[in-house]
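Working notes, structure below.
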Amino acid sequence: ATCSVDRFLMLWKLKSQCRAYRFAGHAEAVTSVEFSPNGQVLASASQDHTVRLWIPCIHGESSVLKGHTASVRSVSFSHDGYSVISASNDKSIKIWSVCSQRLLFTLFQHTRWVRCAKFSPDGRIIVSCAEDNSINIWDTRSKICVNSFSDYEGYANFVAFNPSGTCIASAGSNHAVKVWDIRTNKLLQHFRVHRAGVNCISFHPSGNYLITASSDGTVKILDLLEEGLIYTLHGHQGPVLCVAFSEGGEKFASGGADAQVLLWKTNFDTLDYKDVLKHNYRRTHVDDPPHLLDIYPRSPHLHDGKFESVEVDPSFDVPDTLTPDPIVIEIRPASTIST
């Protein structure tokens, strides 16, 4: 599922006969979209101040959740699919019931636009980031902010929990990617591998890799165990706005300001990137080494010296990069989802 400033929600069927379903309903740009854990419902956020719940079928059933007074930046489901969380330019975070389609509660503490909010994998805590340069941790039972990380170099555009729920990663407007341990409230890793703001991040289901999307036009893959950059991916013409791994981690998708969505296949489990380096030596470049601020003393330091990575450009790495345009089926909202 993809969303765009063209106000449409697109559902792509990627089987042998590729089809695309275009859902209309939002009055302004759609900023975020996510499947529920069971895949039966879609949630979307928009600059029209609303959140919508969709049944992804040809009937176009949807429900509108109203309550925000400004653009909604992000929307995300809880692990059980019963709740949806939204973050808005009205400086608030709202939690909605999917079953009753009503507002459950609102969280206030950020002093500027809230860019992203996510549930932890177990649903007990929430992480949010805003343009006030803070990343807040909330207890869903007490509904209070229990901790806050501040980044005086800039604000986070996006935050995400690792699969185990012990760490969060932030995508910074200051070009940095940071990983925090929420048990010890310490910064574990600090990567500076992009040359512009980082807009989105996604953890691999194993928790060993982190993929990043940046306004410098690249997607990068970080190995969190080896603590370094392993792949730099080109393909978008302009800023890369979002990225997400598939549920099993065998694929990931990226979306850009060039109105393109690219689908990539991973090879983490079949290839050692050091072996890939040997076969791609002519196209191997050396990135600036990531800066690691680690609370645990290490000797020798892992980032002494240059770090090699593989640079991948589909224009000459992948044959037949252009597939026929899919059949697009227009779907208009026909009715409201029944409770």
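Positions of Cβ are set from backbone N, Cα and C atoms, glycine also.
It should be emphasised that the depicted structure is a prediction, and the values quoted were computed from it without experimental measurement.
Pulled from TrEMBL:
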type	residues	note
REPEAT	23-54	repeat 'WD'
REPEAT	65-106	repeat 'WD'
REPEAT	107-148	repeat 'WD'
REPEAT	149-190	repeat 'WD'
REPEAT	191-232	repeat 'WD'
REPEAT	233-265	repeat 'WD'
Local confidence of the prediction over the repeat 'WD' (65-106), expressed as mean pLDDT: 97
Distal contacts, the repeat 'WD' (149-190) - CB-CB under 8 A, six or more residues away: 74, 112, 115-122, 125, 127-135, 137, 196-203, 205-207, 210, 212-214, 222, 224, 227, 290-295
